[in-house]
Amino acid sequence: MKEHVEIPLREKNIVLIGFMGVGKTTIGQLVAKKLYRDFIDVDQEIEKKQNMPISLIFQKFGEDYFRKIEKEYIVDICTNTRLKVVSLGGGAYLQEEVRNACLSNCIVFLLDLSWDSWKDRMPLLVENRPLLKEKSMEEIEKLFIKRQNAYSLHNSKVSTNNLDPETVADEIVNSVKLTWSIYEPNQ
Ligand SMILES: Nc1ncnc2c1ncn2[C@@H]1O[C@H](COP(=O)(O)OP(=O)(O)O)[C@@H](O)[C@H]1O
Ligand SMILES: O=C(O)C1=C[C@@H](OP(=O)(O)O)[C@@H](O)[C@H](O)C1
Ligand SMILES: [Mg+2]
């Protein structure tokens, strides 16, 4: 059993979670830039490694295969890297091993968007999200509600309703810097 090494707070990866389309990829990139950190988008890294888009991975190998590689990659990043900003795919946090790796080693931010606001954004999302293509609005709402339990296990929550990406990114950065100054002052 690998011994758990406590990572200094200021070195912990910042992980963004939340339903598909809430802005994890967009806002994660902005947060990384503002904190002078490397940015990792798990979906983008998986697409690079698999040399195909997520939608084709689902089509060719199925969702279970995607979830396996998604989990392995996230657990590796959480346990073996520091000082990054990491945006998960919307379904990753449903896996307990992913949640445990994130909560044990990282600072986990939930990006929260109301269902009504999400519906307005949906037309932007369907193109490259296979799970949206197959479902009615009612089925997607059920998925949205069903996932809130897992998303509730976070360190901090930021509402993104009616806020532009820059404003949300600033809120996350200010929150992180305040946490650092309180729990690891004088650095
Ligand atoms: N705060 C925001 N306000 C308006 N549109 C947003 C916001 N954040 C993201 N978007 C848009 O919503 C879509 C999904 O954003 P993305 O970052 O891919 O979300 P996720 O990674 O959570 O699925 C993109 O078209 C993006 O430009
Ligand atoms: O919610 C999900 O199950 C998924 C969300 C997507 O990522 P985004 O949340 O960045 O869209 C991507 O991982 C895949 O389509 C599955
Ligand atoms: Mg994304």
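Placement of Cβ uses the backbone N, Cα and C atoms for every residue, glycine included.
The annotation ATP binding site is assigned in TrEMBL to G21, V22, G23, K24, T25, T26, R129. Positions annotated as Mg(2+) binding site by TrEMBL: T25. TrEMBL lists D43, R67, G90, R147 with the feature substrate binding site.
Location within the structure of each feature annotated in TrEMBL.
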| residue | record | DSSP class |
| --- | --- | --- |
| G21 | ATP binding site | coil |
| T26 | ATP binding site | helix |
| D43 | substrate binding site | helix |
| R67 | substrate binding site | helix |
| G90 | substrate binding site | coil |
| R129 | ATP binding site | coil |
| R147 | substrate binding site | coil |
In the chain carrying G90 (substrate binding site), residues 6 or more apart in sequence that have Cβ under 8 angstroms from it:
G18, F19, M20, G21, V22, K24, R147
Would you kindly give the Cα-Cα distance separating D43 (substrate binding site) and T26 (ATP binding site), rounded to the nearest Å?
12
If you measure G23 (ATP binding site) to R67 (substrate binding site) at Cα, how many Å is it?
20
Using the Cβ center of G21, V22, G23, K24, T25, T26, R129 as the ATP site position, which other residues in that chain lie within 8 Å, going by their Cβ?
G18, M20, I27, S87, G90, L111, L125
C-alpha spacing of R67 (substrate binding site) relative to R129 (ATP binding site), in angstrom:
14
Under 6 Å from ligand 2 by C-beta, which of these binding-site residues make it: V22, G23, T25, T26, R129? Sequence order, please.
T25, R129
Candidates near ligand 3 among the binding-site residues V22, G23, R67, R147, judged by a Cβ under 6 angstroms:
none
Sorted by position, what residues of the same chain at least six away from D43 (substrate binding site) have a C-beta under 8 A from it?
T25, I54, S87, G89
Quick one: of the binding-site residues D43, R67, R129, R147, flag those whose CB is under 6 Å from ligand 1, and say none if nothing qualifies.
none
